[in-house]
Amino acid sequence: MDSLTCTASDLVPLLSSSTNATALASFLCARFSTISSQLSDSTHAIDNTYLLFSAYLVFAMQLGFAMLCVGSVRAKNTMNIMLTNVLDAAAGALSYYLFGFAFAFGAPSNGFIGRHFFGLKAYPSPDGDYSFFLYQWAFAIAAAGITSGSIAERTQFVAYLIYSSFLTGFVYPVVSHWFWSGDGWASPILPNNLLFDSGAIDFAGSGVVHMVGGIAGLWGALIEGPRIGRFDRAGRSVALRGHSASLVVLGTFLLWFGWYGFNPGSFLTIMKGYGGGGGYYGQWSAVGRTAVTTTLAGCTAALTTLFSKRILVGHWNVIDVCNGLLGGFAAITSGCSVVEPWAAIICGFVAAWVLIGFNMLAVKFKYDDPLEAAQLHGGCGAWGLLFTGLFATKAYVNEVYPELSGRPYGMFMGGGGKLLAAQIIQILVITGWVTATMGPLFYVLKKMNLLRISREDETAGMDLTRHGGFAYVYHDEEDISMRPAFMMTKIEPNNASPSTDGQRSPSNV
């Protein structure tokens, strides 16, 4: 490669006569080519570093999932739930490496499933580097982690391994191929696709990640049934509280932090100008805007949940606030890059009520999800897709998806109902696909007695019966599953003397 340095002594001999004009042009062009090559290398290096950093943030969400799950279950199942979170990442890495990435992004392929890059063969390619694989793997294991929360405290260990490998190696990759790859039948980056020639907009995965994980968890929890003691003999709901609100809050903050890799990182690159370039506004601005919309949606959902639950149940509940915050994040994930910040506030407000409503339905139909994962990720994820179809702005849609001119945008922003129809179809397709794949899997596991643990193991706790002992000393006084079906209590005599004015004394109030 030619040197970037250029001095007067280099040019003087070339300017001595007109016969050296060609030599001068070659000299200058060589220097410019060198500058262009090094700028191109720098762009690739910066973009790859940005994507790697985003992948690290998304992977850190696994720690957030682990802490959230641990705090939301009873102490007797601590080691079990932590181990399942570790294995979601470990088993998911191998299955995604061997099969999942090829099914998702193995181009060239058909509109249904990828067919190249198995075991990263012939990869990297001009269209992607190792950083892209790592980023997409972090997304895949996030979907598996969502499902593990729905079936916590009652699922056999082997079932976790089977469903996690199947979800990350086949079910999730097929969905991500449909909506994210360059060949997917509903991908917005594929011109003339099968979904109105424009595709659905699911920028960071309200549907692809959150709905897939949430619906898979829904079927797992439905087929397994509720935990022992979750509903009494009269069918009334009994709260089986998690043992550590501190861990729930810690996990929530870790997930919040990781979401800044999840949503802004989904641009994949940052060194890209918009318009003529050379100004202050470019993809780096869109990345910042995406972080802002993500923040506003989550915070609005948290505050809405705080005051709504105060009205409904009469107290301030930090666990509900944390779940509301995450529901807002799950909802904004679809349209975070194509909506205005003010619209993100609407997204978060509605997401909070979607979560509250689905939780009420869960109690009514005796559905037990220890982490509210199906309601949160499935319900709020579906709302996020609808929200994008309503509020996506024309300018931002054209910036983020420049492959098609005249692309439809949000109905409430003057773009008609075409995008909203595409979003509804995405919801139906994802629901049908996950139901058709994960539902039968959980049913077969149940028939083979590989899904749910025994009643005795569930009552004693899996840490003791399956993992060699408890994680730490604890007392589950409120664990209804540890009590006999019928209990008698001794009535102590009341030694307090009645008050002179005929009212109860403070000790009896």
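Cβ coordinates are placed from backbone N, Cα and C, and glycine is handled just like the others.
Residues annotated as domain 'Ammonium transporter AmtB-like' in TrEMBL: 50-472. Residues or ranges marked as transmembrane segment in TrEMBL: 49-73, 94-113, 133-151, 158-180, 200-223, 244-262, 342-362, 374-397, 420-445.
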Contact yes or no, the transmembrane segment (94-113) and the transmembrane segment (420-445), 3+ Cβ pairs under 8 Å, gap 6+: no
Candidates 158-180, 200-223, 244-262, 374-397, 420-445; stretch with most C-beta pairs under 8 Å toward the transmembrane segment (133-151): 200-223
Contact check, the transmembrane segment (158-180) vs the transmembrane segment (374-397), 3+ Cβ pairs under 8 Å, seq sep 6+: no
Leading stretch by Cβ pairs under 8 Å, where the reference is the transmembrane segment (374-397) and the options are 200-223, 244-262, 420-445: 200-223
Long-range Cβ neighbours of the transmembrane segment (420-445) (under 8 Å; 6 or more residues past either end): 147, 159, 162-163, 166-167, 170-171, 174-175, 178-179, 186, 195-196, 198-202, 207-208, 211-212, 215-216, 219-220, 223-224, 334, 382, 385-386, 388-390, 408, 410-411, 451
Local confidence of the domain 'Ammonium transporter AmtB-like' (50-472) - pLDDT mean: 94
